[in-house]
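A.B. asks: Dropping a structure here in structure tokens format, bear with me for questions.
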């Protein structure tokens, strides 16, 4: 048995002086010596031939320092200097990269008494707005190295040092190494490095340039292990790029009849592990020799069965699901089978801890805008303006207010830059803050024109430009129109004359009447002030609402409807509500649903849908652009969904390609997320009441959004689990318990969604009188008794799906349509299960075909006995 300790405890040894190595391509490497001066300085570390540069171009705060000479002698040069952060609570490095790229991130901390205090600080490090870990050093002369594998969600990465009240944060070096995007796959979260080991008598560790990704491999050896090696080259041409020095050595148990066992313990008992194992047969076997073994963990839980390593070719095995343990302790066993004449072996082992990043990043365009505003007006001295502008909420930038919609990115809704000595013109970057309600640029030295883009910021209600004596107060026509319609308040200086542009002419107007006008709208300002106070106090309880919505702002007249639809020229579809037309509103495509005068859905349902969509916003709910309530003319104007509804796409009515299994799984999880938001993210919660495939719409990328909320009902907030109501919905999708009792609950939606899931996987009608079992629920249940899932899956899929995932989703659907609502899962549980199905399909597509040729295997589905289910 071999106990594996966190290799990061030993990584600091990788920074001691070693023999020089040959340089290789460092394409994509970012290697920062933190505190190196001057800012354009670079050098090549002679022991690794890695080129380091100053960090000054990646951060605009902090002080530079140097560790004491007594600690430098045996350390590599990038640890000799530090950057410390005595000012501000959070200080951040900024990297412009590419979204969805995968990086190995390494941060090094060597205190070395750089400040002469001999007091080791404690602080946190964040990745974006989420905490990575706490930095704790064992002593003045000791260092720490942290590693993470992270997939970028935006084109920008921020790494932040955060105070915890226990000293001043600092950092010695920061390194980013690009990885292949089809490696280190996870269901969710990032990976914190725990161990990366190889098995050889020498050397003690391996890194660049033997490892082209500059991963640090620490030698693991001791009692119970025997090292074997080869001088022959091993084929390492799989995406993990295992170094030859790792591939050409391996360990076997000293006692050939005993298993190999590796133990490790995570400090948090709730943490999960991902394990990546690298195998190659590096001994020349005799004709009657067999090396075959099983891999299990924690007392027999199967990981992989009957493994035979490829001869002189590396295979990388990993599980698409993380390993878990009730107490944080893990034991990985390699045991030879009864057929094997040779003991198990392993060449390299990587262990990671899962880190779920809980904080959502602010909208990428708004982050870019704020960073550009900061640069334009030289606001680097604003100590709070570090990292993500809105997240986490406790580090929101000074002068900003943000909205925090549930399950969606934070958005900036007010910006106050009053009295900040701003000079120059008003930057167009402000126009990118599309959710802005209030803007205060007063008491600065701004000049130039009042920009017309203010008129296009539809949610903007208040602009304060007073106290900017150099600003030309000519008001553009487009802004004047908004002032006249009272949809915008503009405050200018009380001591200057403003120019109002009327009918193409400039006219000087004394400021006294303007001041009177401002006084006339003072009550509106008071209302706005109360609004912001209430919003701040109730931000958490109203995560599902958007405080920027002003109802009449979304109201559209009937002549405007005629114009946007070109007199109802193009029909998109027809339904019980009426006809849906294609339209264009300000160069944006929209769908216009006109209420038929003979429609069964009356004004009450129309009003209910408008009120719901005006306050509910989620990426998987169809957004309301506006509505028309003009006499007898009622219309809803939605965002345009280019690929129509799910039922059309399943039936082939729209033509085009058959929806793949991958498409279907993603559509299912996105629709489920929208429904789960209605149940758990809204205040009060909502029940949709009409979930069906025609109410799941698909955009141009086949992203799914839930639509048609005319039958939706509020859910009690006083602890009651249901309401009594008249039965409404669509036959076939209607919860039989609700139909029988008139008691409506969230589980009624769950039932309907279960029917949708069965449609997605079978492509069969919900009811079919030609079947012995007319309803799809009964038909699927009867077919499954034969134990052959292929007989119920859509034949158009041509067998191109993950069988294990198919079983999982069918069983989930049948649980949803259980006749008893108490035995149905919640939508939160449904979302979790569907995400696992998506992960299985992703692993299959990125795995089985590629892995067969590239030499690595996703072993979560490799045991035929475990992942080819028969009758259940």
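Just so it is clear, glycine is given a Cβ too, placed from its N, Cα and C backbone atoms.
Just lifted these from Swiss-Prot, have a look:
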- 690: active site, proton acceptor (ACT_SITE)
- 572, 573, 574, 575, 576, 577, 578, 579, 580, 593: ATP binding site (BINDING)
- 40: N-linked glycosylation site (CARBOHYD)
- 49: N-linked glycosylation site (CARBOHYD)
- 96: N-linked glycosylation site (CARBOHYD)
- 181: N-linked glycosylation site (CARBOHYD)
- 255: N-linked glycosylation site (CARBOHYD)
- 268: N-linked glycosylation site (CARBOHYD)
- 294: N-linked glycosylation site (CARBOHYD)
- 339: N-linked glycosylation site (CARBOHYD)
- 401: N-linked glycosylation site (CARBOHYD)
- 464: N-linked glycosylation site (CARBOHYD)
- 472: N-linked glycosylation site (CARBOHYD)
- 638: phosphotyrosine (MOD_RES)
- 738: phosphotyrosine (MOD_RES)
- 411-434: repeat 'LRR 1' (REPEAT)
- 1-23: signal peptide (SIGNAL)
- 24-513: topological domain 'Extracellular' (TOPO_DOM)
- 535-872: topological domain 'Cytoplasmic' (TOPO_DOM)
- 514-534: transmembrane segment (TRANSMEM)
A.B. asks: If I take the alpha carbons of residue 580 (ATP binding site) and residue 401 (N-linked glycosylation site), what is the distance between them in whole Å?
C.D. replies: 38
A.B. asks: If you draw a 10 Å sphere around the Cβ of residue 572 (ATP binding site), how many other Cβ atoms fall inside it, taking every protein chain shown into account?
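C.D. replies: Around residue 572 (ATP binding site), other Cβ atoms within 10 Å: 15.
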A.B. asks: At the level of the C-alpha atoms, what whole-angstrom distance separates residue 339 (N-linked glycosylation site) and residue 255 (N-linked glycosylation site)?
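C.D. replies: Residue 339 (N-linked glycosylation site) to residue 255 (N-linked glycosylation site), Cα-Cα distance: 17 Å.
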A.B. asks: Through the lens of DSSP with three states only, how would you label residue 472 (N-linked glycosylation site)?
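C.D. replies: SS state of residue 472 (N-linked glycosylation site) = coil.
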A.B. asks: Hey, how far is residue 578 (ATP binding site) from residue 638 (phosphotyrosine), Cα to Cα, in Å?
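C.D. replies: Taking the Cα atoms only, residue 578 (ATP binding site) lies 14 Å from residue 638 (phosphotyrosine).
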A.B. asks: At the Cα level, what's the spacing in Å between residue 638 (phosphotyrosine) and residue 96 (N-linked glycosylation site), rounded?
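C.D. replies: It is 35 Å, counting Cα to Cα.
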A.B. asks: Please report the Cα separation of residue 49 (N-linked glycosylation site) and residue 255 (N-linked glycosylation site) in Å, rounded to an integer.
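C.D. replies: Per the Cα atoms, residue 49 (N-linked glycosylation site) and residue 255 (N-linked glycosylation site) stand 41 Å apart.
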A.B. asks: For the topological domain 'Extracellular' (24-513), provide the mean pLDDT of the predicted model.
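C.D. replies: Within the topological domain 'Extracellular' (24-513), the model's average pLDDT equals 91.
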A.B. asks: Translate the DSSP assignment of residue 255 (N-linked glycosylation site) into the three-state scheme.
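C.D. replies: Once the DSSP labels are grouped into three classes, residue 255 (N-linked glycosylation site) ends up as coil.
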A.B. asks: According to DSSP, which of helix, strand or coil covers residue 96 (N-linked glycosylation site)?
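C.D. replies: Looking at the DSSP assignment, residue 96 (N-linked glycosylation site) belongs to a strand.
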A.B. asks: What is the separation, in Å, between the Cα atoms of residue 294 (N-linked glycosylation site) and residue 574 (ATP binding site)?
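C.D. replies: On Cα coordinates alone, these residues lie 59 Å apart.
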A.B. asks: Consider the recorded positions 40, 181, 268, 472, 690 and say which one has the Cα lying nearest the Cα of residue 574 (ATP binding site).
C.D. replies: 690
A.B. asks: Take the repeat 'LRR 1' (411-434) and count its residues per DSSP category (helix H/G/I, strand E/B, coil), listing them in that order.
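C.D. replies: Breakdown, helix to coil: 5 helix, 8 strand, 11 coil.
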A.B. asks: Counting only residues 6+ apart in the same chain, whose Cβ is under 8 Å from the Cβ of residue 738 (phosphotyrosine)?
C.D. replies: 727, 729, 744, 745, 748, 751
A.B. asks: List every residue in the same chain as residue 40 (N-linked glycosylation site), at least 6 positions away in sequence, whose Cβ is under 8 Å from its Cβ.
C.D. replies: 54
A.B. asks: Can you give me the Cα-Cα distance between residue 472 (N-linked glycosylation site) and the residue listed as 'active site, proton acceptor' in Å, rounded to a whole number?
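C.D. replies: Given the Cα positions, residue 472 (N-linked glycosylation site) is 55 Å from the residue listed as 'active site, proton acceptor'.
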